[in-house]
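Going by Swiss-Prot, these are the annotated features:
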SIGNAL    1-27  signal peptide
TOPO_DOM  28-48  topological domain 'Extracellular'
TRANSMEM  49-69  transmembrane segment
TOPO_DOM  70-86  topological domain 'Cytoplasmic'
TRANSMEM  87-107  transmembrane segment
TOPO_DOM  108-121  topological domain 'Extracellular'
TRANSMEM  122-142  transmembrane segment
TOPO_DOM  143-198  topological domain 'Cytoplasmic'
TRANSMEM  199-219  transmembrane segment
TOPO_DOM  220-230  topological domain 'Extracellular'
TRANSMEM  231-251  transmembrane segment
TOPO_DOM  252-260  topological domain 'Cytoplasmic'
TRANSMEM  261-281  transmembrane segment
TOPO_DOM  282-292  topological domain 'Extracellular'
TRANSMEM  293-313  transmembrane segment
TOPO_DOM  314-332  topological domain 'Cytoplasmic'
TRANSMEM  333-353  transmembrane segment
Amino acid sequence: MATAAMTKVFVLLFLVAACYLPAHAAAAECDCATDTAGRDKAQALRLKVIAIFCILAGSTVGAALPSLGGRFPAIQPETDVFLSVKAFAGGVILATGLVHILPAAFEALSSPCLVGGPWKRFPFAGMVAMVSAIGTLIVDTVATGYFHRTDAKRKAAAVADEPADDLEASDEHSHGHAHGMSVMSVAPAGEEDLVRHRVISQVLELGVVVHSLIIGMSLGASDFPSTVRPLVPALTFHQFFEGIGLGGCIVQAKFRVRSVVTMALFFSLTTPAGIVVGIGISSVYDANSPTALVVQGLLEAAAAGILVYMALVDILAEDFMKTKVQRRGRLQLAMNVALLLGAGLMSMIAIWA
């Protein structure tokens, strides 16, 4: 049910961005002049087609690596290697929010093409990012609390219906259960972690998909080869690293295979689909139109708030504060190095992307 609800949210966001932006971009006028020097639609289109396949491959491999890596004991969840990889992914997601997305939101909402209105009189990008982070916290805690309350009621009803003579044997037997794929079939401690990971993975995917859609449409709408060419490798690595971060969270959530494939496909296809939409609207799309700037800025700011919260609270803090990590200096050092490496590499990509 949760995956189906997330699917509807993703589809709705895609339709809003794909239909609302181009419909208003052509109608709006702006004093900002558009430079036509270097425009070559044919060459740009060839580069966009290459970008679709490169980004699709990079996204798919990145999202699939954590799941496929589960076949190898060294990189299964809670191992030292997995924790280091997850720290690297947390750095990638944090840099995505703070270095890639949030500055773009401020730039869009402070553009000289936004004449009139409240956009230049108040830092809306920062406020929207803050509200988005707080909203993510609320969704995170409310969803987790709901699952816990529902499970507590189910257990209370099961205990009430069970004969008194069987309670002791049932209690002893329950401690021998192994962790399963279902939330209802795991031991209490593991169940709490599993619920948290499932909420984390779905909220994180929401923020990643919003950002992926926007960058895909921006690339697809450009007719300048000089702009598109460096974005092809930059966005391929960008999506690859993001895929590793998202894939690691999905692995820990222990979804069924169908749900894992669905979430991975949504992530992998969003940017290529955004490029296709951008190609379709390139003749009417004006990136400097007030409506396009406002919609892009608000969506980018909201996505930044989600990703920054998820990276700091649900990915990095959760693992760095574990007793296992605190007691082992080498593991702590490895995770810190991985964190800095992930954040540094993703920040470097901002030079081209």
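Each residue, glycine too, has its Cβ placed from N, Cα and C.
Contact check: the transmembrane segment (49-69) against the transmembrane segment (261-281) gives at least three Cβ pairs closer than 8 Å, residues 6 or more apart, which meets the contact criterion.
Each of 122-142, 199-219, 333-353 was scored by its Cβ pairs under 8 Å to the transmembrane segment (261-281), and the highest score goes to 199-219.
Looking at the topological domain 'Extracellular' (220-230) alone, the prediction's average pLDDT is 86. Highest Cβ pair count under 8 Å relative to the transmembrane segment (199-219), across stretches 122-142, 231-251, 293-313: 293-313. With DSSP classes pooled into helix, strand and coil, the tally for the topological domain 'Extracellular' (282-292) is 3 helix, 0 strand, 8 coil. Highest Cβ pair count under 8 Å relative to the transmembrane segment (231-251), across stretches 122-142, 293-313, 333-353: 333-353. Counting residues per DSSP class in helix, strand and coil order gives 15 helix, 0 strand, 4 coil for the topological domain 'Cytoplasmic' (314-332). Tertiary proximity for the transmembrane segment (122-142) is limited to same-chain residues at least six positions away from its ends with a CB under 8 Å from its CB atoms, namely 102, 105-106, 108-110, 199-200, 203, 207, 297-298, 300-306, 308-310, 313-314.
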